[in-house]
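*Asks:* Shown below is the structure under consideration.
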C-alpha cells in the first residue's frame, strides 16, 4: 500500500517537472523527441490517476466507486487503457525519433522534425481513442456468485480474451519493449558515430543528451515490464488451488510486479535527472529561474504601488 502511494506522489510530481522543463526551454520546444516525452509525461499522469489512485483508495479506505457507478467504471477503464497504450507508443516514437535524428542518411533525418511529430502523435492519439471505444462498450457489471455479488469488468468473452492476450501481453508490454530495445540499440550505434560527422556542436550535444536519457529509460522499462509479463503469464496459466501456498506466492509476485510496472509511469524525470548532468542544470535553471522572476515581479508591483500593498 505504501509503495503505491509513494509511486503515485513521486510520479505525478516527476511528470509535472518533466513538462515544466521541456515546455520552458526553447531547445526542447522545437525538438520532436522532447515533444514525445512531454506527451508521454501528460499521459503518465492520467494513467496514474485513473489506475493507481483508485487501487490505493480501495486498499486504504475500501472505496470502490466502480461498483457504485457503472459510468465511472467505464470512464476509468477507458482513460486507463488510452493513457497506458498511448504512453508506451510515445516512448516507442521517442526512441525511433532518436534513431532517425542520429542517422547518417539525410532522408531519414528529415523525418525527425516537430511538424512530423505533431502529425504522428495526432494520428496515434486518434487511433487509440477510437480503439478504446471497445472497452466502453463491453465494460459492465459481472456477476460473481449466485448470491448476487458483482464487480465491474468486461462482460464479452471474445473481448476479454483480446484484452488479456492482445492488449495486456502485447500492446502494453511485449511489443513496446521489443520496439524500444531495437530502435534504442540502433540509436546508440548512431551516437557512437556522431564524433566523425560534421554536425553543429549544439545539436550534437542535444542529440547525445536525449539519446542517453531515452536509452536509460528503455533499459529501466525492460527491467520493470519483463518481470510483469512473466508474473502475469504465471498467474494466467498456473493451475493451483486458491487455498494453496503456491497460490499465495503467485499473488505476492503479481502484486510486486504490478507496483514495479507502475514505476514505469513515475520514473522518467528521476532517470533523466540522474543520468544527464545537463538536464539537472536545466531543471535548476527553470525552477529557480521561475521562482526568482516571480519574486522580482512581486517586488516591482510593491515598488510601483506601495499604498495598495499597505491597504
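Positions of Cβ are set from backbone N, Cα and C atoms, glycine also.
Since we're looking at a predicted model, the values are computed, not measured.
Okay, so TrEMBL annotates it like this:
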type	residues	note
TRANSMEM	6-28	transmembrane segment
DOMAIN	14-274	domain 'G-protein coupled receptors family 1 profile'
TRANSMEM	35-57	transmembrane segment
TRANSMEM	77-96	transmembrane segment
TRANSMEM	116-138	transmembrane segment
TRANSMEM	165-189	transmembrane segment
TRANSMEM	210-232	transmembrane segment
TRANSMEM	252-273	transmembrane segment
*Asks:* Okay, the transmembrane segment (6-28) and the transmembrane segment (252-273): do they have at least three CB pairs under 8 Å, pairs separated by 6 or more?
*Replies:* yes
*Asks:* With Cβ distances under 8 Å as the criterion, find the stretch in 6-28, 35-57, 77-96, 116-138, 165-189 that has the most pairs with the transmembrane segment (210-232).
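*Replies:* The stretch I would name here is 165-189.
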*Asks:* At an 8 Å Cβ cut-off, counting only pairs 6 or more apart in sequence, do the transmembrane segment (77-96) and the transmembrane segment (165-189) clear the bar of 3 or more pairs?
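*Replies:* With 3 or more qualifying Cβ pairs, these stretches touch.
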*Asks:* Let me spell it out: take the transmembrane segment (165-189), skip the flanking residues so only those 6+ beyond its ends count, and list any with a Cβ under 8 Å from a Cβ in it.
*Replies:* 81, 84-85, 88-89, 91-92, 95-96, 98-99, 102, 211, 214-215, 218, 221-222, 225-226, 228-229, 232-233
*Asks:* At a C-beta cut-off of under 8 Å, are there same-chain residues at least 6 beyond the transmembrane segment (116-138) that contact it? List them, or none.
*Replies:* 32, 35-36, 39, 74, 77-78, 81-82, 85-86, 89-90, 93, 97, 154-156, 159-160, 163
*Asks:* For the transmembrane segment (35-57), find every same-chain residue at least 6 residues outside the stretch whose CB is under 8 Å from a CB in it, and list them.
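*Replies:* For the transmembrane segment (35-57), the nonlocal Cβ contacts are 1, 4-5, 7-8, 11-12, 15-16, 18-19, 22-23, 28, 63-66, 76, 79-80, 82-84, 86-87, 90-91, 93-94, 97, 114, 117-118, 121, 213-214, 262, 265-266, 268-269.
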*Asks:* Taking every residue in the domain 'G-protein coupled receptors family 1 profile' (14-274), what is their average pLDDT?
*Replies:* 90
